[in-house]
Amino acid sequence: EAAAAERVFTPSNALVGLRLKLRCTPGDGAQRYGPPREVESSGPVEAGPGACTFDSRHLYTKKVCGEGSVRAVSYNILADTYAQTEFSRTVLYPYCAPYALELDYRQNLLKKELAGYSADLICLQEVDKSVFVDSLAPALDAFGLEGLFKIKEKQHEGLATFYRRDKFSLLSQHDIAFSEALLSDPLHKELCDKLAKYPLVQEKVLQRSSVLQVSVLQSTTNPSRKICVANTHLYWHPKGGNIRLIQIAVALSHIKHVAWDLYPSIPVIFCGDFNSTPSSGTYSFISSGGIAEDHEDWVSNGEEERCNMPLSHPFKLLSACGEPAYTNYVGGFHGCLDYVFIDRNALEVEQVIPLPSHEEVTTHQALPSVSHPSDHIALICDLKWK
C-alpha cells in the first residue's frame, strides 16, 4: 500500500500483472472524513512498449516553458473509427501488431506522450468523442490542461484544443462547420456566390463535415496579451486540392473576423492537419496570402471540377516547424501534412522540438506501431511574443 499526494500514479515494472486498487478517504480542512471508497482496475498492469518514438523528444520538454513563451503541439492522433476497420488492419497498417491498434493501448501511449511534452497549447485532430471525455480530458486535466472539443457531426470524431490553466483563461469560442458557415454566414457571401457557378464543386464542399475550432485565450499573468488559437482538419482526398482551397479560404475569413474585427490585432496560431504538402496550392495560399485563379490545384480533380477563382487573405503566416520531410508516415505514403502556422508580426519561434529520427519512425516499418500511437507525428514548438 502507498499513500499518494499526487494525482498521477505511474506503475513500476514490479507491478506488471497485478491489478491496481485505489482507495480514497474524502476529507475537508476541518478534519471531517467520510467513508472510504474503493475502485479496482478492470485489468492488470501491462508492460509498456519499452523505448518509444517520443522518449528522446521528452528530453527537450521536461519543464513547462517560461512566462513569455508558449509551447504549442499539433497532432492528428488517429481516430479509433479509422484505426480499427478491416481495411485499416489489412491494407493501411498491415505492419502494425493488432494489439497496438486497439484503443486502450493507443490511448495509454498517447497520454504518456502528451503528458511528457509539458505543453501550454495542444491542438488535436481525429479525436473520438469518448476518447476526449473519458480519457484525454481527465488525464490532461491532471497535468494542468483544460480541454475544448468540437465534433464533426457525421464522423463521431473531431477536434480538441487544450490550454494550460495557469497560463491562459478562455475568453470566447468561435467554432464553425465549413459547409454551414459558407451557406449561412454573410461573411462568406462573396465566396459562396463564386462557388455557386460550379455546382459539382459546391456540392462536394457542402457534403464535407470538416470543422474549424477557434478559441480566444488571455494570458493570466499579462491580461493585455490575448491570442487566437485555431485548429482544423481539412478534407483528406489526394485529388481534393480544390476543395481544401475553399475550406481554407472559409477558415481564414472566419479567423480574420475573430482576430481583426472582434479582437482587433490579436496574434493567431493556426494548427492542424491540412492534408496538404508544401508544394500544394493550399500551403502556398496560406504562406503567401494569395492564390491565382489559374493555379493548377483548381483542376486537382480534373476538368469537370475546375473552379478557377482568385483568393487572398491579409495574414502574414509562417510555418513554425518549417517543412519537415514528413509528418505522416504510413506504408503507402509519407509527406508533410501538418503545420503550426504563426502570426509573423507578433510571434517568433524560440525552438522546434526535433522530430523522431527516420530510424525511429521506421523501426517497425511505418506508423502506427507498438511504440507510436498514430500514423502522424506530433509537431512541437516553443513560441514567444515579439
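Cβ coordinates come from backbone N, Cα and C, glycine included.
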Seminar exercise, completed: TrEMBL record, region 'Disordered', of the ranges 27-46, 287-306 the matching one is 27-46
Exercise. Counting by DSSP, what is the helix, strand and coil composition of the domain '2',5'-phosphodiesterase 12-like N-terminal' (1-46)?
Worked result: 3 helix, 10 strand, 33 coil
Exercise. Between 0 and 100, where does the mean pLDDT of the domain '2',5'-phosphodiesterase 12-like N-terminal' (1-46) sit?
Worked result: 88
